Amino acid sequence: MAVKMRIGRRRAIQQGIAEGGFEWRRVWGCREADSRGALWELVWGERSVRERNAAGAAEEVIALFIMDEMCDPASNLEYVVEKAKCDVHRTSSAEEFFTEYGDANRYRIQEVIGKGSYGVVCSAIDLHTRQKVAIKKVHNIFEHVSDAARILREIKLLRLLRHPDIVEIKHIMLPPSRRDFKDIYVVFELMESDLHQVIKANDDLTKEHYQFFLYQLLRALKYIHTASVYHRDLKPKNILANSNCKLKICDFGLARVAFNDTPTTVFWTDYVATRWYRAPELCGSFFSKYTPAIDIWSIGCIFAEVLTGKPLFPGKNVVHQLDLMTDLLGTPSMDTISRVRNEKARRYLSSMRKKDPVPFSQKFPNADPLALKLLQRLLAFDPKDRPTAEEALTDPYFKGLSKIDREPSCQPIRKLEFEFEQKKLSKEDIRELIFQEILEYHPQLQKNYRNGRERATFLYPSAVDQFKKQFSNLEESNGSGSAIPMERKHASLPRSTTVHSTPIPPKEQPLAASLKSSRPVSDEPCKNPWVMGGFSGNIPTSSQVSQVAKPVAPGRPVGSVFPYETGSTNDPYGPRGPVMSSGYPPQQQISQAYGYHQVPARMNCVEQSQAMDAYKMHSQSQTQAYAYPNSKVTADVALDMRGSTFHHSAGSKNGSLDRMVTQTDIYTRSLNGIVAAATSAGVGTNRKVGAVPISTSRMY
């Protein structure tokens, strides 16, 4: 009965909308009559005409939302209207966030989790995978060449450095045009907070927490340094965290790759690192050759802050910073001072009064003695006295936890990847390089681009169109279905997303030979979806051949961004071939790599009429697809396979990362369903780490 009443109210609302207004009292019997216009005024107040017009597409959604909330006559109208206003405002914000980027249809924005001079970071739901992600919008990246170079450096390094303790880029949205785009949208895995917030919000962290935190940081640093990459800006805010104690290093914008035959290994003059976590040799450009020890120092400062809950060296300027360092570590030896590069800094240290080092057991009275011994090594004033990340992992502090031979190392990065660092580039040059990085996450378009078959503009349905589709799907199912409509209800209907691209060569179209035409054909994309034959690239999962990813060269995305795992390129029934699926019963469609349609060369009115009739018959009966024999096969859509719910990554079985992932249970234990501090069979008792309560902060 309640369901029938609800449907009846829905119909009454719809009828009222169609008639231009409705009465609250007549529908619910609990409110005075109110027209649709007055209700809209309640929701939007005195907002501008432009804002009202932009939100006009959501008006019916508000009405239906209010109807659902008001099934109970005792519901409060003001509360319902306010809630509807928030939901529509969130939709409007999403449209403003994504602007004209077509991938907006794939993500549902939830809330802003970070803001800065670079742009905005929002949490979102990936509607393809149902996973939570963080989308970082970097706006006006080409306003300053230095900022654009930093963005290019970061997305390139995060593509090259794939490690569980380094934040992962899942996707980069394709811009509407490669020649004049200004913003980029980078999709990261979502992390709940950062280490700065964890330290600030928790005063009851245990020794196991401390150990596991440091272990993860050193493990990530070992991987980074084996690639000859120096992060140079490690600090708590650049270390993301989850409540399960998982840490991930982010923000590689100031990082550099050191090649043995380039000046970068000798001297860097640009600003590096936040002062509080900056190594002594960076405070005054002390040493002629920087080493990975600059990151080891930063890790030591972070670990000390974890132990005490406050920064170790909060210097107000460079001189104050040096004073704080020498107050704890003592005056450096004359041998160390003699190798200081900066003359002023050398004179200052030489004239400094003699200071004795403070015992770390006195500075950190409640800390584990083994932890303090390692910390003292990490904070050695002279960089040559600091251990490498690999040496630190073998310290007795990690006995029973670390298995250094199983920790992965990164293959050397090719010098060609960072050749742009040695040249003076224009904005257009950097724009092109960033676009090439974006194409790394769109494999088929990248292939077309490299073969010279890429168009400059891509067309997508707008976010508003997708919003309307979701509303229509809810309306048709009387509110009981999903808000996310199927890609296509019939196999013969065209896909919603179109990417302008030339056809795949015949050698990659095993079934296209039978469709070759002897008449002239048009190279224009089909503009009338009703005048074409329908072929679907959607084949049931059971008929698709699994494909194992081949090992890829360093610098190529692996795992989750592998494009064609559900079908072989040589398989005539694979997703890249034009296959008729009319023999299969109607089913929910999943996004495949390609679908094909035919573009007739010339058609008169009679032929168009016949084509329309044939198309309608095909849609109703689901018989064999109607086709024009004299036509040209062209690509209708290029979609990212990672969105498919049936997609599974298939990286190299012999890769060091895969081995490490399968061995994580050796280092971690589960406590109430979350990752806890790692233990080993060699330890007498199981040590446990509880969840860390954290709060959301600026991230990425």
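Placed from the backbone N, Cα and C atoms, the Cβ positions cover glycine too.
Swiss-Prot names Ile113, Gly114, Lys115, Gly116, Ser117, Tyr118, Gly119, Val120, Val121 as ATP ligands; from the candidate set Lys132, Lys136, the record adds Lys136 to that same site. In the three-state DSSP assignment, the secondary structure recorded for Val121 (ATP binding site) is strand. Recorded residues Lys115 (ATP binding site) and Asp233 (active site, proton acceptor) have their alpha carbons 19 Å apart, per Cα-Cα distance.
Ser117 (ATP binding site) sits 17 Å from Asp233 (active site, proton acceptor), taking the CA atoms of both as reference points. In the three-state DSSP scheme, Asp233 (active site, proton acceptor) falls into the coil class.
Ranking the recorded positions Ser117, Asp233 by how many Cβ atoms sit within 10 Å of each one's Cβ puts Asp233 at the top. You'll find the Cα of Val121 (ATP binding site) roughly 20 Å from the Cα of Asp233 (active site, proton acceptor). Rounded to a whole number, the C-alpha distance linking Gly119 (ATP binding site) with Asp233 (active site, proton acceptor) is 19 angstrom.
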